[in-house]
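Have a look at the structure below before the remarks.
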Amino acid sequence: MGQCAVCHHEKLPHQSVCPNCQNQILYSKTPSPQSPKQRDAAQSSSSNNNKRPPSLKKVIPIAIVSFIIILLIILFLLLRNFNSPEAQAKILINAVNNEDNAKVSNLLSSKENKVGRQEASTYIKFVKQEVGMKLFEKEVYDTVDGLNHETAVASYIKTREGQDVLRISKNGRRYLIFDNLSFLAPTKQAIVKPKEKATFEFDSDGAQKKVVAEAGQSVSLGQFIPGSYAIDTVKTTDRGTYEGQLKFDFVNSKNETIPVTEDFKEAQVKLSLKNVSDLKEIKVVINDEKIAQNKNDTYGPFPVNQDIKVYAEGEAYDHTFKTNTEVIKKDDVQSENKITVSFDKDEIEKYRQSKEKDTLNKIKDFFKKYTVSLNEAYESHDFDLISKYLKENTTNYEAMRSNVKGQNQYKFKNPVVIDVSRNADYYAVTVEKEDAQGRTIQSHYLLDGDENANHLKIVNYQNY
């Protein structure tokens, strides 16, 4: 058993290294004396060796926990930067400000209403124009802050005119920490009401859409988010196809629907008609379509991508007259086209004279036959001989029946038609005839018959 020369550890069972200070032991019969400096150094070494570093088993758990805490803090900061209500609001604001159509489209879309990129672009322009970017940013942040501190679950951003432009609402939680926000743009139906039956075809964010509407019928083009729209459209009617736009604007719209204005390339016809004084029931015929004459003589619309052929028809003396035909080639078609067409005055007059002559002859023949039958009826007291010349269910019909069947006998000859005129559905006819004593009797007859003097019947008469 020896003593360590450095630390003076005495329990040295013949070991070559001191178990206390790890100093190599040199055995001798007599231990060498130590200087004071050596003793101090030995004591210092012994003291330092007594202060051992902490065990790894204790250090490792502390390090792991610290690392996890740091990671959680970093993860929280990252999540907050992208998922807090303020961060969600910032994403929307930046998307609108940078005109990121794809991002705005994604943010505003829902299961019920998909917002396309074209519609998102229109929405962005509307927000910037009707709200203003600075005000929009402030309103969004204020609304989000209000939702964070209030019990309300939704609120609206409005335009300067008070129109709802964005609905912000709470929609569950994100990562069990942050409120999840939903951004929805309110929608309204765009309503078109064409004057004639029409089919509208247009592109709706990459999908072709077709809308069919009857004349005067209100039809929806679909649901749209706020914006000022001008949709390129092809309209088809019985008259042809038109290219143009369907326009509607959310500005100042306080109803749930928005009226659509049609803006198409089309032609109007301003027609001047000549020699129409004797005509009635005038029809204007444009591209084989008959149109009733109107007061301002303006007709349309018609397509600008085809010829325009125009003439007119009119009725006179139970006959249809036509004007000359004018044609505007499609390359010369304008938005307003002035055309003059004329009825043939000489043709109308010639027909009138022929018609009057024919009518007069028929009436003369009628009274000639009637006079013969009337004499025979009086002679034989047979009313049936003249009944076919009289209109039934009239006072005159019954009076003539009584006269013929009575005892009086009359005889007339040489009937001469002096005057004929037509009023409404009747002819006014003045006839002179001689009685049995050779006296001239003038009678005024009212005849029923068509414009061609067919199916003539005596309604009434009076002798002068």
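Including glycine, each Cβ sits where the backbone N, Cα and C put it.
Because TrEMBL annotations are produced automatically, they should be read as predictions rather than curated entries.
Listed features, source TrEMBL:
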DOMAIN    85-183  domain 'TcaA second'
DOMAIN    277-334  domain 'TcaA 4th'
DOMAIN    361-461  domain 'TcaA protein NTF2-like'
REGION    29-54  region 'Disordered'
TRANSMEM  59-79  transmembrane segment
Confidence summary (mean pLDDT) of the domain 'TcaA 4th' (277-334): 95
For the domain 'TcaA 4th' (277-334), the number of residues DSSP places in helix, strand and coil: 3 helix, 33 strand, 22 coil
The domain 'TcaA protein NTF2-like' (361-461) - residue tally per DSSP class, helix then strand then coil: 35 helix, 35 strand, 31 coil
For the domain 'TcaA second' (85-183), residues assigned helix / strand / coil by DSSP: 52 helix, 22 strand, 25 coil
